[in-house]
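If you look up Swiss-Prot, you'll see 10-47 marked as repeat 'HEAT 1'. Here Swiss-Prot flags 263-300 as repeat 'HEAT 4'. The repeat 'HEAT 5' annotation in Swiss-Prot covers 317-354. Sequence annotations record features per position, and here Swiss-Prot assigns repeat 'HEAT 10' to 667-705. The repeat 'HEAT 13' feature in Swiss-Prot is assigned to 830-868. As annotated by Swiss-Prot, repeat 'HEAT 14' applies to 910-947. The feature repeat 'HEAT 15' is assigned by Swiss-Prot to 1013-1050. Positions annotated as repeat 'HEAT 17' by Swiss-Prot: 1148-1185. The feature repeat 'HEAT 19' is assigned by Swiss-Prot to 1372-1409. What Swiss-Prot lists as repeat 'HEAT 20' is 1412-1449. The repeat 'HEAT 21' annotation in Swiss-Prot covers 1451-1487. What Swiss-Prot lists as repeat 'HEAT 23' is 1537-1574.
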């Protein structure tokens, strides 16, 4: 009875009404929740949901804002109705509402209209006749309603074809009469409907083949509709109407009678074809309709085809261009749509071909013959597609197809060529390629495989690129070779296949030679390789080649392929393919070649195998060309057949027509002919061929010109005189032509360019002739060449490439002289200095040079010129001083060139260094002059060695080091002009060269004196570079110093005359060399350590005189533009003074000090100046300093008050002095004690203190008096600049310093909170410096991170962090610091007490070993928990709970008592600290200490769980969970009651907005689980839903938990009461959680008392919340709760409830009050 009573009293209709009303809520979350609940309810009581939806829908869209949602719910509810559950009257009302809404607007596709249509379709599944009647009513109504009604019928047909199709007659009877009045804008809807209806009929017929729905009436309607659509709509002016009509007609053609179809064809076909003319986007739709039409007309089983082929020609002619449209879509539109259109067109042609194969074949061939690109392209594509499918029908037509394809071979359209190429491949696969025509087709593929983008074949509007065409042809050619032979051949076409093989071989050999096929050589070679590989075991290839006279001879093939090897990086692995073919064709050549190639070809293929690796070698092209020339030369050598060599030469000579002059292959061809002529003994033949080479060469192209010159050089190796004769003829003919002379009068550019090219070519040819000519015969030729004025004529060239050629030629002449000297034919080069002037002239840039000349070319010219200068300087006679200076003036400036482009600049700089070394080696007559020459060069380089630009310093140091290396070899063992090491024929010994003329002179004439080297000046110049920022500069400069001292010690009696100990000097030099060895082997070594060792070694190697000279010259070094180098110079000076200062006289010390002071004045960098002052302090170490100490401190105080010390140029000198004092052993201790005493007896000034009137700095410090201010600055300086000595003094007073700074930090933060920031900044600076001084880097980071935070929590935490850091790093200091701070708790200043408490609360953690101090600290902390400052109270409490665990056991009861008292503190921050501390204490406290006050703690924690502070709530929940382990004795029962009272609160906060609260509740629930007797709680709390942050998972967990909780019926009452209280929580998400928890328990509870007591209360609350709450999350929870309660109600009475008229009317007036 109770259940029935409850069921009858459930206000289900009201709840459903609220849910329906919520469909118009502003929040999407609420709308979705309401929709989900209504779906659940609709599955149980769909009629109630429909009643409520019906109630709100009667007002329409004007009264309800989300009619789309209402219609969606209604559609689902109707779908949930069981058969017979609803009456047709009510469904009729719903249908009327839906139709009324649909027709109320002229819109046709709004969201609410679509949902209303869905409702009608759902109604139609139950009452199709009712739905159709409703629609039929409006079909005859206003014209605006009919389209929507027709669309609904179309949707119904698509969704339920089996019910719709039997009623098609009625639909057509209603729709047909109104078709004539349908407006154009609505006709697409009607046409689409007929399409859907036709599809439904086809589906019905497919599923139910026994009964046909197409009776005579239906056919009559369909025929009449078909006629209307065809005659009227298909010719409408509206494009959309025509498109939709054709789409519909395409579906209807299979339903109408054959008679009507035949009569309709004359109109229907043009209507479809008309679509192709307007918009290409409609091609797919039109083609699909056309395919349906063709199937119905041609392939019908009811009779013969309705269309003759003549009738189809217009159709087929229209379809052919569509293939091109598809090709266009591949670029500009959707690829899938284009591909579908293409396939539909092919299906149309296949349909026709199945009926009229021969006619279609003839039609397609005729279209090809028209040679109209779109038609031809389409026809070729169709032929390619249909040839395999209609092969048997078309087999007899093969000659016609071959002839037609042959006629298209000259077509220019790339698209047609591509289609024809594809067709050729298909024809080949079906054995169409036979006889001469087959060769034509193969040649066609080869020719188009050679097409390149540069051929300009892609005309405007072309859709196919040359690249695409080339790819298709290349693949097709390979397919003919590889794939087709693998196909299974029938007996019928086996002979045809053999003919195809005969066509390919040896016909493909003809494709190698012609120029037009050059781009296809790789593909051809690959095909030849495959053919040779497959046929190697059958017919001998040699016989087949010789059997055909049109095949090129072997010499022509060999010469062509060798030249084509030029590019190793060519596409398709051209070089490797050619080498493979040569290997297969080796039987065609002389016998010995085959064996040689077996070894050589694999090596060459291995070189070009990895092209990516090949690219890494910048000289790969030159290397590869040399390999080709060597390959050719050795091939010629092994043949030993002079006639064959002559024949090969003739073949090479004929190939010039195959290559353009600017093609690099032409240059290689020159060289090939040159190496071949080198092997020929017939001088007349050689003369004829070099004339031919020169005639064919285009010397205006640098590459061609260079190839010609190298070829002439190769010929000169065997025929020098013949080559020189040719060159003389060329020289004599330069400018002698009458035509040229006349032309030059009118065109200066013609004269210049033509002359430049000829002179450049001549110069190169002379140069390479000298290079390759025998050394024994070149002296006279070179003398004759130099002795004439021919070289001077070459200076007038202006093009950079021409200049480079002339320079290269001069360089080759010089190298020829050097090479001759290597073979023993030594002779001087006449007019060498004049030739140097020529090079310098060519190297300079002409002021009139045009902008067309690239700067890169100028740099390349200069690099070549430097190289040539080096060559000329290295030959006899010796270089004069004037020439030397002229060369250096013209070249040294290159050191200042920028780094980019590096590939050009780097070789240029290397050539310059080599030139300087060559100048040094070839200059001077004795030791002194050579040393002076060295110093002259080095001083010229000083500006670059000390340059501020990194790469200039590196270049300068490299140059210095290279020259020193050369100089050392020169002094010790002579030199070689070519730089050879060891004994060589051109080495010149100093002693041997001097013996003849200077045997009686002192050794100074043979060896330089050490003083001449000026080591002091040189050392201080290069020493800063040893500390350079560039590692390479450091390494090189160290080697420079090593070379200097190695040279000095290698000189005769160098050590004895210097006053140094010989053994110590060599030890120092050995140490320096060890450092250099380390630098070379280990780049990670500390640079400062390396520099120290270098300075130490040098200090021992310098003589007294050199030391003084270095100190006197140190100003420039200390002022070096590189900071690190300047620091190194200062360090070196300090080392020199410290170690060898006793050797300095008073005058020397004075001058050295003057140099250091001068440097310090010029140094603006503060740190560098401090280091300079440190160097001065090292000189004054033995002077008195006590008076200076007092005066500096007083002066500093005055400066602080009266000056802006932060803006003094170069920094504050007094601070630098502080640094200097702090670094003295005796002064540092006294200085620190004095500063600490001032800090302890002084206090910070108030905010009204200020500086003098002259103060202008905004960052001035505010301290009590001048002395205190100076002391703080001095203390900071002491910490920062004291070094090891200062650090020792600080360590001695560590605890005093920390205590004072900590207390002052509290005072400064107090001042900062009132707006006075400066004292805090000054103190933090000093504190930071202290951290750096004592090495507490972590403490320094803490200060830097949080030091300036003025919030109390931040600075209190800062002091705690500092205390913790000190405790870890320096535990021995903790006791003394704690004693100082414990006493400070009694100070009257609040901020100092807070600072002391903050520090002690952290220090106490590390004071367990100090029992007496611990007792004193605990007593003080307990006493001050009643301090006036809340901060002191909570910090004291925090300190108490942080004492070591060993000590805590003695004070646990006392600490817990303090916590219990502070849980009721009036300050919330103290309460929060108390809760946090309780958590900490419970980790180790015993039961005896906690159990007596367990319930008191629980009650207070429950009160704190409703705090607005999320941290407080989280900690309160966690603390209560932590107390659960103490509920073991008499307090267990009381604590369990506390748990049950708290459990609902834990559950609703389990999905709190704050993540910390969520985690705390999870942990606490797990701890409570053993006490509340939940079965299988481990499975519940270990589930994924319990730990998830997703709300859905939370709701799932609540459902699972509720299943366990409702089993204890006596507790459910308590849970429900507590949960309902949470309905009024201040947090919306907690309200939502409480709603869900309570409704879940109610839905699962079996206790009728609980249900009867709380069900109405909760339901009423949900209604109230739903209508009044402003929070969407609450309204969404209410919506879900309604669904949950109604879906799970134990009573089924409400499931039959309906919404009565009175209630619905009343509720309808209340809907406006619902929150939206």
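Every residue, even glycine, has its Cβ placed from backbone N, Cα and C.
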Long-range neighbours of the repeat 'HEAT 15' (1013-1050), counting only residues six or more past its ends (CB under 8 A): 931, 934-935, 938, 942, 945-946, 950, 953-954, 957-958, 960-961, 964-965, 967-968, 971-972, 1065-1066, 1069, 1072-1073, 1075-1076, 1079-1080, 1083, 1087-1088, 1090-1091, 1094-1095, 1098, 1101-1103, 1105-1110, 1113-1114, 1116-1117, 1120, 1122, 1124-1129, 1131-1132
Contact set, same chain, for the repeat 'HEAT 14' (910-947): CB under 8 Å, 6 or more residues outside the stretch: 863, 866-867, 869-870, 873-874, 878-879, 881, 884, 887-888, 891-892, 894-896, 953, 955-960, 962-964, 966-967, 970-971, 975, 977, 979, 990, 994, 998, 1003-1009, 1012-1014, 1018, 1021-1022, 1024-1025, 1116, 1120-1121
Secondary structure composition of the repeat 'HEAT 23' (1537-1574) [DSSP: H/G/I, E/B, coil]: 33 helix, 0 strand, 5 coil
DSSP-derived helix, strand and coil totals, residue by residue, for the repeat 'HEAT 1' (10-47): 30 helix, 0 strand, 8 coil
Composition by DSSP (helix, strand, coil) of residues within the repeat 'HEAT 21' (1451-1487): 27 helix, 0 strand, 10 coil
DSSP helix/strand/coil residue counts for the repeat 'HEAT 14' (910-947): 31 helix, 0 strand, 7 coil
Integer average pLDDT (0 to 100) for the repeat 'HEAT 20' (1412-1449): 80
